[in-house]
Amino acid sequence: MKEMELARSLRQNKFRIKLCKYSYDLLLQYLQKTQALVVFGIINECITFDVSHGQPSLISDDTDVVALVGTSKDLAKQINQKEVHWGLLEDSVEERMEKALLESDKTEAESKDADAEDNKKKSSEGGKQGGSVKKAKKDKLVGGATGKTNKSETSIVSVASRVKPELTLPVIPVEVEQSILEDWRNRAQLNSLALPSVSFYTFLNTHNGLNCSSISHDGSLVVGGFSDSSVKVWDMSKIGQPPKTSSPQGDNGLSQGERISASDDGKRPYTLFQGHSGPVYSAAFSPFGDFLLSSSSDSTIRLWSTKLNANLVCYKGHNYPVWDVQFSPVGHYFASASHDRTARIWSMDKIQPLRIMAGHLSDVDCVQWHVNCNYIATGSSDKTVRLWDVQTGECIRMFIGHRSMVLSLAMSPDGRYMASGDEDGTIMMWDLSSGRCVSPLVGHNSCVWSLAYSCEGALLASGSADCTVKLWDVASSTKALKMDDTKVGSTNRLRMLKALPTKSTPVYALRFSRRNLLFAAGALSLGS
């Protein structure tokens with residue numbers, strides 16, 4: 001007991017419990033009536049009551065109902081005074097895409113203006129009526145183009161502040177930037193009235209062996225990690241196609257511990273990656289889908305090539321099972337979370353971790369990158385979420401409020417807010433700059449396994465073990481928050497826009513594509 005930091009803290013400090021005046025009076029009456037001297041002693045030794053006057057508030061609206069005095073709360077206040085630069089990267093892909101779209105829209109509008117002017121001159125002899133019709137058409141064209149430009153100018157990318165990268169970022173190929181630009185051009189604008197289309201991938205006949213799932217940026221590839229130590233990747237373009245006599249990749253050059261396989265009937269072809277020696281708990285595609293990471297109870301992380309269908313690297317550093325692994329938004333770098341109570345940052349070209357983040361009091365269950373790649377967030381079984389600086393490895397924010405282990409994290413596209421989901425079904429949205437909870441949600445009846453923001457940040461999607469996907473209105477809540485910034489401690493409950501139940505499929509993974517299509521995945525559970 002003396003060697004455990006948590007046990008020492010529990011014995012040396014008091015719990016602070018918030019009670020309304022009415023509840024406090026009832027407690028005193030009960031203790032005086034029953035003469036419970038033992039309970040009196042325990043309360044005096046271990047508990048400090050914070051009595052509030054007025055109308056009692058909901059327990060879900062208060063993140064500080066129960067706290068340990070003198071430890072985590074004081075430490076959190078000290079940590080949360082550090083500065084956080086939550087903006088987007090200077091000269092990021094998003095900024096370049098935004099400028100390219102604005103320029104193309106401007107060019108398109110100018111060309112339409114020129115065409116309309118030429119048509120007007122040619123038809124000037126056709127009378128005033130014809131000219132007015134042409135002018136009306138021209139005004140409509142110009143107005144439409146201007147409206148599109150204004151919509152782009154008011155997007156999150158334009159509004160968010162800019163920060164310099166702390167990591168050396170990889171160069172993005174031109175063809176990839178062109179693909180991103182095309183996706184941006186065809187992006188659906190989502191809001192509370194325009195909800196996303198959802199594509200749900202259901203795993204069948206997994207026999208409770210599926211531990212995790214992930215979806216590529218465009219939904220073309222789906223991966224599953226299984227308890228038998230295998231990793232399987234399905235190519236959506238090949239689903240339902242007749243089996244081919246020869247594999248397009250060929251059998252030559254396959255590395256040891258990896259093979260390609262398909263189901264016997266050929267109706268569900270998949271690529272089988274074998275190499276782990278224990279259950280696979282996490283899998284993640286790179287931002288452009290050409291690489292795949294997997295983590296396992298064998299305490300290793302493996303990097304696979306989806307083009308070569310081969311294992312490239314095995315990363316060893318953790319001492320216990322690795323629960324989660326995530327690529328950075330720009331690729332090349334990735335972060336892992338483990339049972340050894342640490343999170344680690346890696347790069348694809350080095351087999352040793354670049355940084356080790358230590359500070360959680362229990363398992364680090366999930367990890368998520370900030371959009372500017374300068375920070376990572378970790379959720380833990382110690383019921384806290386921490387934000388770490390990737391350059392120094394220092395904890396710069398501690399978020400306290402969850403009452404069970406934190407299982408999922410998501411960052412808003414502008415980098416200002418973060419959402420976290422826990423084992424009880426509670427979702428909390430945090431302001432990174434202040435470190436406070438801005439929107440507590442009690443929207444699910446079971447574990448929240450996945451969270452995802454839409455591309456413009458207007459919606460938040462949550463996937464749970466209660467077999468539902470729920471969509472939340474983030475835009476209206478954040479607008480209210482910006483108006484109420486002067487009110488310390490004010491919270492706004494997010495409005496649920498829609499609940500999308502599955503028949504009997506817990507939701508393992510969620511992802512918004514660059515075109516704002518929502519992908520989801522889960523395994524059919526016959527027992528529920």
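Cβ atoms here come from the backbone N, Cα and C positions, even for glycine.
Note that the structure is predicted; figures quoted are calculated from it, not measured.
According to TrEMBL, the feature compositional bias 'Basic and acidic residues' maps to 102-125. Residues annotated as compositional bias 'Polar residues' in TrEMBL: 243-255. Annotated domain 'TFIID subunit TAF5 NTD2' per TrEMBL: 1-46, in sequence order. TrEMBL lists 102-154, 237-266 with the feature region 'Disordered'. If you look up TrEMBL, you'll see 203-237, 273-305, 315-356, 357-398, 399-440, 441-482 marked as repeat 'WD'.
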Under 8 Å Cβ-Cβ from the repeat 'WD' (203-237), and at least six residues away from its ends along the same chain, one finds 183, 268-285, 287-289, 292, 294, 296, 298, 302, 304, 306, 508-509, 511, 513-514, 517, 519, 521-525
What else in the chain is close to the repeat 'WD' (441-482), if you only count residues 6 or more beyond its ends and a Cβ gap under 8 Å?
60, 155-156, 187, 189-192, 195-196, 198, 200, 407-414, 416-417, 419-429, 431, 490, 492-512, 514, 516, 518, 520, 522, 525, 528
In the repeat 'WD' (441-482), how many residues does DSSP put in helix, strand and coil?
9 helix, 20 strand, 13 coil
Counted with DSSP (H/G/I as helix, E/B as strand, rest coil), the repeat 'WD' (273-305) has 0 helix, 20 strand, 13 coil
With DSSP helix as H/G/I and strand as E/B, how many residues of the repeat 'WD' (315-356) fall in helix, strand and coil?
0 helix, 22 strand, 20 coil
